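Attaching a single structure in structure tokens format; questions to follow.
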């Protein structure tokens, strides 16, 4: 050992230099694909600098205007109001009870002081309502959800399920927050299966009243927002029970909605027969007062039945324009689809905040670099680009998809077109499920991408992740919602082969089903040129081919298994395939809307930036599911390799305009409120937070 040391003497300085060189060599493997280490070239700066010198000069103002549309002013008004009121800003450390009171005061301030009246737009201008909801959720997600409970759920149920007498009586009180309310649908034993709800509303013809009862513990209304502290009313979903003159004695007319007062308007004391308990501390959204409700023979006037789709006369006669329980139930739930639309839209808002924080920090943070050269931004490392750039592209994709959803929803509210109602119902189910699931995963990626500083509560990833987590469950469990999409696709598939027509959203199945189900062209399967891979037609055709193939395969599987397992058993046996089908279809819709948004962008530089993001979104999704395309020879091995290389290159190119892309969200520092993402003196502000 001694002799070896003598033969190869090395000073401590040389040893440290060798270790540093090895580490830099290893780190170079994380750099962008074109940054190949060479003995004669620096490891980082050459390609990075040349690429930056050629990067797009993006008109940020034009891009932001195109992104944010016509409701910028109302969002800026909300941001400015809360920035001017430090007493209404949510601190990092706050108790559950204090957070609930703050959240209520925030909503009161927004409505009564700032003069923002969201309820006025729920029915008449949904696009503006959802823009308000996005801005409010950026301030505090608990506030966004509390606002949604008050106006979209409680208020929305009154104006959508009730008639003129209900709107006349309750609208102003809901609007100005005198009538705070709840949406009491979920029960301890039933959530997704709304038709299985057990709470009853029995008509008493002698007193012209309904009697609301909780028949057992499983029927206790659970997770009801606004119930634990602030709510005065509840829209209670219950089984309508009518007396009959036959041997049964009563008739179950299915689930209907009823307005039930739960607290005294003056004293705020719980009313007789109503029991309210607090659901307690939650993983997130602790500014929302979720409670549990039990009813013991609570009597309400007959007029409190929200009777748009079914009514009961003074003598107990039931009337409805819809002939069956299932049709009435479908119409009722169809009117409540706005909640899903809002959650999909709000989830994109959360994704914008998290992407902004992670990318601004990654541009600021510098670690390591070639010998005797400056350290480089961690966003110059290929591994960081791989984490964040496809996510940034996806954020834009989901933005345009949810904007489209809101537009279709607004059109539906104006026209009440039956086919459009069905279309929006399926599209909202799919986008709510897909987008919220993606955002939940992306929040963890963003937190990790910011290293140890991402773990600090003040930098918001923890609260964003915890608050958003429930988005995957409420307003419909994501797995259940995807099954609705799959069921709708199968229905359309069946109609096609029985000579029917398909609706607009699924039109590609009508137009090109035979083309997509034919054998792949062996020539185009090998094309690997950049122009071809970045051609929107190739990208959209690939997405549509996958969905069509999956649809055909799952239909055949269901038919095969139904012979031995029955319909329910066959569905369960094919469930994973059905979920994959639904996700594939939603991705196809998302890409189609992104391509359309790129095409319609009026500013050339903004359009070029969007095209980069769109290409990255499309090719990244194809690469992530490359096995599906390879299995059917839709993509040859050389083409798969070219897609992978181009995806890495596009991540590098999007990195070069990442600042402009996140700046277009126009989330000022007082909205993101994360010291590591401050646009000036971030480190200085971060040290001040901890007391230096």
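In case you wondered, yes, glycine gets a Cβ from its N, Cα and C as well.
According to Swiss-Prot, the active site, proton acceptor annotation covers 475, on the basis of similarity to another entry. Residues or ranges marked as FAD binding site by Swiss-Prot: 186, 192, 225, 365, 384, 452, 473, 477. For 1-49, the entry in Swiss-Prot reads transit peptide, with the evidence type sequence analysis.
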Counting every protein chain present, what is the number of Cβ atoms, excluding its own, within 10 Å of the Cβ of residue 473 (FAD binding site)?
15
Which has the fewest other Cβ atoms within 10 Å: 186, 192, the binding-site residues listed?
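Minimum Cβ neighbour count within 10 Å, taken over the binding-site residues 186, 192, occurs at 192.
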Out of 192, 365, 384, point to the one nearest residue 475 (active site, proton acceptor) in space (Cα versus Cα); all of them are binding-site residues in the record.
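Going through 192, 365, 384 one by one, the closest to residue 475 (active site, proton acceptor) is 192.
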So what sits near residue 225 (FAD binding site) in its own chain, CB-to-CB under 8 Å and at least six residues off in sequence?
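Result: 145, 146, 149, 153, 182, 183, 288, 289, 290.
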When neighbour density is defined as the number of other C-beta atoms within 10 angstroms of a residue's C-beta, which of the recorded positions 475, 477 has the lowest density?
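Minimum Cβ neighbour count within 10 Å, taken over the recorded positions 475, 477, occurs at 477.
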What does DSSP call residue 473 (FAD binding site) in the simple three-state scheme?
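In the DSSP reduction, residue 473 (FAD binding site) maps to coil.
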Quick one: largest C-alpha distance among 186, 192, 225, 365, 384, 452, 473, 477, binding FAD per the record, in angstrom?
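So the binding residues stretch over 46 Å, Cα to Cα.
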